[in-house]
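Annotation comment: TrEMBL describes B:12-33, B:75-96, B:116-143, B:155-175, B:218-241, B:271-297 as transmembrane segment. Taken from TrEMBL, the feature domain 'ABC transmembrane type-1' covers B:92-299.
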């Protein structure tokens, strides 16, 4: 057997995990990388008598916004809240999708509401529907806008995600050993726990990072439209302005978007950070992905590995051109 | 066939009514404008706004509103160019890349090319656009001469053509993955070996047997590719200031000001219920026609070989 077939290590997944871990360390201990506070304003540089916004320099790695707040510091402080929001929605979509897919497969039913939801997200751009709902005035200004935010994004992402999970879980339930387990008298729960769940790990190893990437992308896109977990406004003699004390990347995009031409750094660097996060999650997902469904179902689960190694999800020879049908054909 | 068309149209009708219901909820009647004027005779209730939304398309069809309809239609060509270019391009380049992914997998040079496209696909659409927009701003500041005209600008080739190509990337990569998998499945089939043993040339084997059998699989993905392009179009037009575009006009109708202005509900335009209804219906019509076309194509290319 080819050596690479049972390789449990994936360089891509490792790099992705390393990047995310780096982000987490910075986010949890901001003082390691910055000595500014997230609201601290650098009002004037006496050396050359200039006022903010300051450009990229040794003092401000990503420059400052128009108030002199260091953008790098804001980004660093924004990492954990962003990942927290994403985690809430990933956990919701994943749990709901798996439960619904298992119920649909187990009892051979189609839940009409779920079907309609999936259909809706397959014919209208989901982000447009999110905007239509989240920009409703009572929702936008609600004290519970964060819950609306989680719920609307979660539900519409669920609609997009369910057909994928449904198809994969149906594939597991079609396996001959499930039928054998039914014949020998296993209960549905026992079969699920002993056979189905065990085969779901590799799928989950791919779903989790790809859902993170997807939800972060949606959060970022909504951020440009001013849709964030908590929009705050300040009314003064000069008029109303969008302000927010919360620090997450979508809010930074939302704030930076208002001064796009005066301070491009305010949009550029948060976007870059968010993109880097998304790329890292995509790397993990790619590392965890199998080349084809057949391969996935043939070679899993690998019992001799601890669970955390399995999460890194091996790539088989196909990805490296080892035993690919095209290569075999030659 | 009629039953099939009716099924699609009926589903679409329900969905559009649902979307209009969502769009009309919570919008105050005072904020709803038609032709620069507030809607008259509207009480501030959801039902009145909802029925105004439902009524809007019929109003648009009446002669006094024909100029508005004409103005709304003027937003279509640019977006249509984006969508059609991205759709055709994603099929052409996606299939070619999928084929290359299978047969050139071992070439080191091609692996670098694959990596580059993987990266382009991994970056979300808003990221690509913002990085190009702000990147070209930084570049223009640093290199004001631009003697060889490489910085993205408002002219066609480095403007809308570039944007259309960016719009193509996600659906192209999706289709290349589908092509890759479909070919990989097909390569294991015995009929190919039989044909080869009878002396058919590789190119003919590919064209006549293999490719013909993966076409239905590719056509199945047309609606997915289409919705991917439409979703990306939202970010593309809004973030790259394409105010001549359909999605931009739809967002403006929803009261979403241009990026670079204060946020929604501060310096917003009015919620133009007629524009929103009209644009959503146009999109619905456009997508229905597309779905029917895709379904007809699927029916035309019958499944010769089933993977199951």
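Backbone N, Cα and C define each Cβ position, glycine as well.
B:155-175 is the stretch from B:75-96, B:155-175, B:218-241, B:271-297 with the greatest number of Cβ pairs below 8 Å to the transmembrane segment (B:116-143). Sequence-distant contacts of the transmembrane segment (B:155-175) (same chain, at least 6 residues past either end, Cβ-Cβ under 8 Å): 78, 81-83, 85-87, 89-91, 93-95, 97-98, 117-118, 120-121, 125, 128-129, 132, 149, 218, 221, 224-225, 228-229, 232-233, 236, 240, 242. Counting same-chain residues at least six beyond the ends of the transmembrane segment (B:271-297), those with a Cβ under 8 angstroms from any Cβ of the stretch are 4-5, 8-9, 12, 15-16, 19-20, 23-24, 27, 31-34, 39, 49, 52-54, 56-57, 59-60, 65, 68-69, 72, 75-76, 219, 222-223, 226, 230, 246, 249-250, 252-255.
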